[in-house]
Amino acid sequence: MAGSRRRIRLALLFGGRSTEHAISCISASGVLRALDRDVYDVVPVGIDTHGRWVVLPDDPTALAVTGDRLPAVVAAHGESVVLAADPTTPGLLPCRPRGGLDSVRNTLGSSDALGSSDIPGDIDVVFPLLHGPFGEDGTVQGLLEMAGLPYVGSGVFASAAAMDKQHMKALLRAAGLPVGSYAVLRAGDTLTGADQERLGLPVFVKPARGGSSIGISRVEAWADLDTAIKAARASDPKVLVESAIVGREIECGVLGILDGPGAEASVPAEITVTSSAGFYDFEAKYMSDATHFDVPANLSHAVREEVRGAAIAAFEALDCAGLARVDMFVTADDHVIINEVNTMPGFTPTSMFPRMWEASGVTYPQLVDRLVRLALRDGAGLR
């Protein structure tokens, strides 16, 4: 229509090579439903577990959980593409099965078809809805900066620092923020007797660069430590052993302010786990009803504001951008201890980040739109 505004072409990246592949797909299903097609020309780009990029149909139902089946990106269901790291060329290029590049068209076709002649090359903004290594850890963020594409979320440094729990905790502690006691085990390392005495029991053993509680074990006896370390190393050769903190599990969302600098915090939420695992593991998060959520959390005004302030302080200490979810503990004497910072929190229907913002007056579609607008405002280049 003459005079109509061109839609914003948004590439939604999901899937990926990490163990959180399925969670990313479920998150993408929710975001696809939330995006206004009158505003956005959406290009769903799935990354399979081998790292192949494919343009897929714009179908949220294909990425939803069906019974006990988790979704996955299947390369055969779409058209293979690569992202050009040269900012002078279109963002997405058709790719032959053996890796050769087709010629790039001068005139781009519709994104509704999946033929190689219709792959939309030019991209205005990217939403890298990827969780875990090879997606949330600064790798894809660096690629997007090389390609000259604006993208949702934190930059290379913040993404990498938040993904690696060792460095995240070190940076938070250096900023004067409270974190729990921990030890780092690299390949071949074992926990020393001095560390055992310092940490005490129980402890949590987890991959240093994992998420969605995959590979995490609660250890009640030192005799079980080696088994837990082996389980964590299935995801990451570097492992963290953390002192268990007795307290309420509290989460708080942080979101960039669109019409000015800085960020704001959502109302906090509380997680109570009733499963036999006794902690917020993968099954409790995504596959069962063994978790109770209070949104907002029942906290005193003073503690609530301390939690919100700590969330923003952690966000700023890591130099985050766009969004983050900060996980904390509140002890019986109302001390706030920061556990983790997630720079690309889940967007599944049960995820806490959108639920906390919904309780704060920001609807799911408004949340997604604001994140994209923040990315467009900040533009391409270094964060």
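Think of each number as a place in line: the chain as shown, counted from 1.
Glycine too: its Cβ is placed from the backbone N, Cα and C atoms.
A quick note: this is a predicted structure, and the numbers were derived from the prediction, not measured.
The ATP binding site feature in Swiss-Prot is assigned to 196-251; the stated evidence is sequence analysis. Taken from Swiss-Prot, the feature Mg(2+) 1 binding site applies to Asp327, Glu340. Marked as Mg(2+) 2 binding site by Swiss-Prot: Glu340, Asn342. The annotation domain 'ATP-grasp' is assigned in Swiss-Prot to 169-373 on the grounds of sequence analysis.
The binding-site residues examined here are Val203, Ala231; by Cβ neighbour count within 10 Å, the least packed of them is Ala231. Secondary structure at Gln196 (ATP binding site), taken from DSSP and collapsed to helix, strand or coil, is helix. Across the structure, Lys238 (ATP binding site) and Glu340 (Mg(2+) 1 binding site) are spaced 16 Å apart at their Cα atoms. Taking the Cα of Glu340 (Mg(2+) 1 binding site) as the reference point, the closest of the binding-site residues Gln196, Val203, Gly210, Ser217, Ala231 is Gly210. When the binding-site residues Asp224, Asp327, Glu340 are compared by the number of other C-beta atoms lying within 10 angstroms of their own C-beta, Asp224 comes out lowest. Fewest other C-beta atoms within 10 Å: among the binding-site residues Gln196, Ser217, Asn342, that description fits Gln196.
When averaged over the domain 'ATP-grasp' (169-373), pLDDT in the model lands at 92. Each residue contributes its Cα atom, and for Asp224 (ATP binding site) and Asn342 (Mg(2+) 2 binding site) those atoms are 28 Å apart.
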